[in-house]
Each structure stands twice: as C-alpha cells, then as structure tokens.
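J.: Just passing along the structure, written as structure tokens.
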Amino acid sequence: MTQEQWGELKKELLKTVGSHNYKNWIEPLELNGVSDDGVATFSVPTSFLGNYVSREYGDLIQYQIRSLLPEIRRLRFQVAANSAAKPKVPASTTSQPAMIQNDGLMPAAPLDERFTFDTFVVGKPNELAHAAAKRVAEGGPVTFNPLFLYGGVGLGKTHLMHAIAWELQARRPDLNVVYLSAEQFMYRFVQALRDRKMMDFKQVFRSVDVLMVDDVQFIAGKDSTQEEFFHTFNALVDQNKQIIISGDRAPGEIENLENRIKSRLQCGLVVDLHPTDYELRLGILQSKVETFGQQYPELEMSQGVLEFLAHRISTNVRVLEGAMTRLYAFASLVKQPITLELTQDCLADVLRASERKISIEEIQRKVSDHFNIRLSDMIGPKRVRNFARPRQVAMYLCKQMTSRSLPEIGRCFGGRDHTTVMHGVKRIEELRAQDGQIAEDLELLRRTLES
Ligand SMILES: Nc1ncnc2c1ncn2[C@@H]1O[C@H](COP(=O)(O)OP(=O)(O)OP(=O)(O)O)[C@@H](O)[C@H]1O
C-alpha cells in the first residue's frame, strides 16, 4: 500500500467515522509499510491509542483496506520508537502489549484490563446488574438466557461485560468465551460474505460457549446482520450456551429491531443500570483516587474536591473519569495542589455542561429553614453565632452546589466581600472534618436540595 493509497483510504474513513473521531484516532496513524505476508503496520504515538484503534476501528480499517487491497490480511499497530511527549494515562491502560494484532479470523475483541469486578464500584443504581453479572460469571449451569444488560451512555455496561469475560476465563479456562461489539459482529459477517466464508463464520460463532455482544442496538435496521444474529442466537440457545447482550435501552424499545429478536432478547433476564446517584459517583471517584495516586504520588486529593465533583458531574461515569484525568494532568503540569479553585478553573466547561439548576436563593431558604432562623437574619449583618454559622453553611453549599463565583455569592449574602465567603467556606470545610453534627447537617441539606 502506498502513502497515496493510505491517504485516499483515510478520506473514506473520515466520511465513516466523522471528523471528531477521525482527528482523535485515525489521523495519528502513520503507515510504516506492508510486509510480504500481508501485514500492514502503522505507527501510533501511544500503546493506549493503538489498543483503542485496534479495538474500536480495527475491523473498519481492515474492511476499507481490503476493498482496495485484498492481499492485506492483518493490521499491526506499533508504538513509534521516537514517540515524544506521550500523554500520561493511568498505569493500568498501558499494561497491555505495545503491539496489537487484528486477525480477521478471530471472533473475539480484546478485553480491557481495567474492566474487572474488582474495579467495578457497586451502589444502589447498579446492584442488580452487578449481581446478575456475577452469577453468570460463575460459569455454572445456565439459568437465564440471555442476560440482557441495558442502560444509558457510560454507566458501565461494557465494564460489566468485560468483567464477566475476565472472570469466566479465570474460572473456566475450558470455555470458549467470545466478547465483541454488535458493530464488530456486523463487520465480520460482511467480511465473511465478501470472502465467501459464510460457512466458516457460522462454524466459528456456533462453536462458542459464551457469546457476549455489546451495544446490540447497532444492528437495528441492518436486515441481513439481524437475520444472521438471530440464527446465531438460536443455535447457541438450543445448545444451552450462555449469551450476554447489552443495549442502550430495553429490548422492546429498540427501534427497527425485528420483533422476533426483541422477544428472544426478553426471554432471559433483563436488568438495567440506573443513572448514578451521588453515593455511587463518590465511591467511583474514591476508587479512582487510588489509581491516580500511583501515577501522581505528588498530588493529594481532598474529600471536599471529590464531593464537589460527585455533586456537580452527574451525567455519566465516563465524564467523571475524564474530569479526574484532566484534573490530575493539569495540576501536575502547573505544579499546583488540587484545590476547589483549581478544579473549577480546570473543569469550567465540563461543569457548565452538567450544571444543576440549584440557585443561591434556594440554598439560603433551605438552610434558614433547617436551622430555624429567619432568612433575613441569615443574609443580614448580625454576627452572632446563631446566624453566622448557618450563613457559613449556606455559603459553603453555594460554593459546592452552584457555579457562582465567590464575589457573586458574597453579593447575595447582603453584599459581603468575597474574602468573607472564602473564610466561611474554609471554616465549614474544617468543621466538617471535626464536628459530626455539622457533617450530618450538610449531608441532610445536600440531599434535600438535590431531591
Ligand atoms: N460502577 C462503576 N465502577 C467503576 N467504573 C465504572 C462504573 N461504571 C462505569 N465505570 C467506568 O465508566 C466508563 C464507561 O463505562 P462503560 O464503557 O462500561 O459504559 P457503557 O455503559 O458501556 O457506555 P456506552 O453506552 O457508551 O457503551 C468506563 O471507564 C468504566 O470503567
């Protein structure tokens, strides 16, 4: 393959994956050459990028290349020897080999080493899904088939599926466990059709013991892929082989999915991952601190910042993780401790995007009710402790739960200076650690405000 041909293929890939994905994942690939035995090698700046591209786009790239150059049978992503300024990524993501091969005949996609049961934090919103996944991962007799996991973006479906696969591989190495995305299933199917290898395809998929297909909604509307999926599914269920499927919604709600497939998917156990709650987000953040702590031993993370993030970023876990990665990298680059101020600066856009609509007035009202004082006394000039403490609590909550600046908060508290607000926030942070009553008051208020 010449550089010109690769240039042309990249243009095709741009159309397929969109400019954002293209810029992040395809553009950094540099064609090194093609060996006599049909292996195309690409340089990648980091093993993380290589792993990701292989997993998410390997099939697509191979598919495009082979439409032009059928002699190319495999792709290889190799970390460039002189790759400078590698971005830091959590240690565990780099523990995969630097060279990844994508063999067209292998049905399984690689598993992410980070996605295990040990690293999956369990809370109310995901406990049922976790319990079901654990049960299937024991590899005992098949009780519910299929297990269908569904939930919104970034809530841990893929993580749980990989965790099942890892655990099954460890407990039952005799089983042939295959995990792949529905998109990969489709590419493999299309490839088999084109290469006239449908019999091989059927044989490979019917010989697995546990089949896991992620993001099944992808095959909705793709008629022949659905048809083949249906046959594969039936053949495995008939042999009493375990199937685990994930989707972004319940089977009955996936549009353009054939009714017969919907009803098959509903036959087993259907469990959903609910949106995260505050406690789960905090738990996930705390577990991430351990990982990041190994990578950035010089940086300390305070409970206050974690709580702030858990309050303010409620979209999904992926966004939460991205925020942590950015925060650590930023603090390490500017060589500053991770404070609330730094967090707000560094993550301003993320925070704005997931802004909750809690107003300063609402907080003031709730706090004055809670402490049984008049709103006017809390905002007014009186400095007696009965009013000063609730005022500081309210200032603290305003800082934690809104994106308003210290001067703005000060103005809403009878025109106080921003240094007064800063002092109040600090004081409550200290008291929170020493005084159980204050900690309890804060927790109660936060819950009431969030409900
Ligand atoms: N309960 C959890 N504990 C620890 N990490 C989690 C948890 N839930 C999600 N994550 C992390 O959040 C990120 C996104 O999760 P994952 O990729 O599994 O989401 P998903 O539900 O498959 O999303 P999508 O619909 O986009 O495919 C992953 O890095 C995963 O490890």
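From the backbone N, Cα and C atoms, a Cβ is placed for every residue, glycine too.
Just so you know, TrEMBL annotations are computer predictions that nobody has curated.
The ATP binding site annotation in TrEMBL covers G154, G156, K157, T158. The domain 'AAA+ ATPase' feature in TrEMBL is assigned to 143-276. For 359-428, the entry in TrEMBL reads domain 'Chromosomal replication initiator DnaA C-terminal'. The feature region 'Domain I, interacts with DnaA modulators' is assigned by TrEMBL to 1-81. For 332-451, the entry in TrEMBL reads region 'Domain IV, binds dsDNA'.
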J.: According to DSSP, folded down to helix, strand and coil, what is G154 (ATP binding site)?
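T.: Going by the DSSP assignment, G154 (ATP binding site) belongs to neither helix nor strand, so it counts as coil.
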J.: Residues other than G154, G156, K157, T158 within 8 Å, Cβ to Cβ centroid, of the ATP site?
T.: G151, V153, L155, H159, L160, S246, L273, V317, R318
J.: Give me the non-local Cβ neighbours of G154 (ATP binding site): same chain, 6+ apart in sequence, Cβ-Cβ under 8 Å, ordered along the sequence.
T.: T315, N316, V317, R318, V319
J.: Per DSSP, how many helix, strand and coil residues does the domain 'Chromosomal replication initiator DnaA C-terminal' (359-428) have?
T.: 51 helix, 0 strand, 19 coil
J.: Give me the count of other Cβ atoms within 10 A of the Cβ belonging to G156 (ATP binding site).
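T.: G156 (ATP binding site) is surrounded by 27 other Cβ atoms within 10 Å.
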J.: How do the residues of the region 'Domain I, interacts with DnaA modulators' (1-81) split into helix, strand and coil according to DSSP?
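T.: Per-class counts: 45 helix, 17 strand, 19 coil.
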J.: Which one is it: of the binding-site residues K157, T158, which Cβ has the fewest other Cβ atoms within 10 Å in this structure?
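T.: It is T158 that, of the binding-site residues K157, T158, has the fewest other Cβ atoms within 10 Å.
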J.: What mean pLDDT does the predicted model reach across the region 'Domain I, interacts with DnaA modulators' (1-81)?
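T.: Taking every residue in the region 'Domain I, interacts with DnaA modulators' (1-81) and averaging pLDDT yields 83.
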J.: With DSSP as the yardstick, break the domain 'AAA+ ATPase' (143-276) down into helix, strand and coil residue counts.
T.: 67 helix, 26 strand, 41 coil
